[in-house]
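I have placed the structure first, in the form of structure tokens, so that the comments after it can refer back to it.
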Amino acid sequence: MSLLTEVETPTRNGWECKCSDSSDPLVIAASIIGILHLILWILDRLFFKCIYRLLKYGLKRGPSTEGVPESMREEYRQEQQSAVDVDDGHFVNIELE
């Protein structure tokens, strides 16, 4: 039994594609699943950072700052930003001879 559903055969007019059993429910289901898989894969590659960040952290944006004085909020923001900033002093330059 062959897994191929399409066979190309030479004719006088050129190459034709004859689909065998294209009305088979299994072929239709496989085609729909294949198309959905392709669409989901494309969306995943386009929005993977947003999707996985949403799955990891949910809808919360971070710790609540309700009831915290403004000076402490600013200090917290600066700490978070300094943790993200890259320090060039940690890189080592290696020169090859």
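Each Cβ is built from the backbone N, Cα and C atoms, and glycine gets one as well.
Feature list (source: Swiss-Prot):
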TOPO_DOM  1-22  topological domain 'Virion surface'
TRANSMEM  23-43  transmembrane segment
SITE      Trp41  site 'Seems to be involved in pH gating'
TOPO_DOM  44-97  topological domain 'Intravirion'
LIPID     Cys50  S-palmitoyl cysteine
REGION    60-83  region 'Disordered'
MOD_RES   Ser64  phosphoserine
MOD_RES   Ser82  phosphoserine
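Ser82 (phosphoserine) is surrounded by 9 other CB atoms, counting those within 10 A of its CB over all protein chains shown. Straight-line distance linking the Cα atoms of the residue listed as 'S-palmitoyl cysteine' and Ser82 (phosphoserine), rounded to a whole number, equals 23 Å. According to DSSP, Ser82 (phosphoserine) sits within a helical segment.
Taking the Cα atom of each, Ser82 (phosphoserine) and Trp41 (site 'Seems to be involved in pH gating') are about 35 angstrom apart. Along the topological domain 'Virion surface' (1-22), the predicted structure has mean pLDDT 57. Around Cys50 (S-palmitoyl cysteine), taking its Cβ as the centre, 9 other Cβ atoms fall within 10 Å, counting all chains.
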